[in-house]
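Enquirer: I have a structure here, written as structure tokens, and I will follow up with some questions on it.
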Amino acid sequence: VARTASRPLAAGDISTFQSLVFLAGQLSLALCVLLCLNHYSIILGAASLSLVITYPLMKRITYWPQLVLGFTFNWGALLGWSAIKGSCEWSVCLPLYFAGVMWTLVYDTIYAHQDKRDDIMIGVKSTALQFKEDTKKWLSGFSLAMLLSLCMAGMNCNQTFPYYSAVAAIGAHLAHQIYTLDIDKPEDCWKKFASNRTVGILLFIGIVLGNL
């Protein structure tokens, strides 16, 4: 698409073979990290490979590639816990994982609205094309599901007031983000997408202060 035409592979600055060599190097380093963890985490980490491999193909198959991206990106919610604890406490990890998936659907649907004209031309799919003018309704639903899941995860691991204050602040941020979003202005979509780093920072601060 026009927005990504200057990226190294698309612009021809590197060859497909060079990109595969780089990918092999990245995967090798990731494997070295994974093998430093406990056996449970090694198996759990290896299980994510099917998602990693299939995600790039999804926008040619389904209008929900953002959902598959959510399943892929948020695997760390499971792996991070098991790396520390030796296994997953599913009453905490699953709500946290689900919250991450919902969050990904929010920010990556916004991101996809930047490219919808090009996506239609080249024949690839996205939730932006699926939801169209109903996007804000869908994003509101995903945000509510995210917030409820974060609360459930917090309750199941005895989080304290700072954590829930952070979740409330995240809710306010998402509400403002969705309300002011203009899905037909790529520059506004990028601005709203990038503002999701604030969501991550708020949650991180809430977890740290809640545990202190």
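The backbone N, Cα and C atoms fix where each Cβ goes, glycine too.
Sharing the feature lines straight out of TrEMBL:
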- 27-55: transmembrane segment (TRANSMEM)
- 67-84: transmembrane segment (TRANSMEM)
- 96-112: transmembrane segment (TRANSMEM)
- 138-155: transmembrane segment (TRANSMEM)
- 193-210: transmembrane segment (TRANSMEM)
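Tell me what's around each of these sites.
Expert: Sequence-distant contacts of the transmembrane segment (27-55) (same chain, six or more residues past either end, CB-CB distance under 8 Å): 65, 68-69, 71-72, 75, 78-79, 82-83, 86-88.
Remote same-chain partners of the transmembrane segment (96-112), defined as residues 6 or more beyond its termini with a Cβ less than 8 Å from a stretch Cβ, comprise 66-67, 69-71, 73-75, 77-78, 81, 119, 126-129, 131, 135, 138-139, 142-143, 145-147, 149-150, 153, 174, 177-178, 181, 183, 189-190, 192-193, 196, 199.
Non-local neighbours of the transmembrane segment (138-155) in the same chain are 92-93, 95-96, 98-99, 102-103, 105-106, 109-110, 127, 131, 163-164, 167, 170-171, 174-175, 178, 181, 203, 210; each lies 6+ residues outside the stretch with a CB under 8 Å from one of its CB atoms.
Residues 103, 106-108, 110-111, 114, 150, 154, 159-167, 169-170, 173-174, 177 of the same chain lie 6 or more positions beyond the ends of the transmembrane segment (193-210) yet place their CB under 8 Å from a CB of it.
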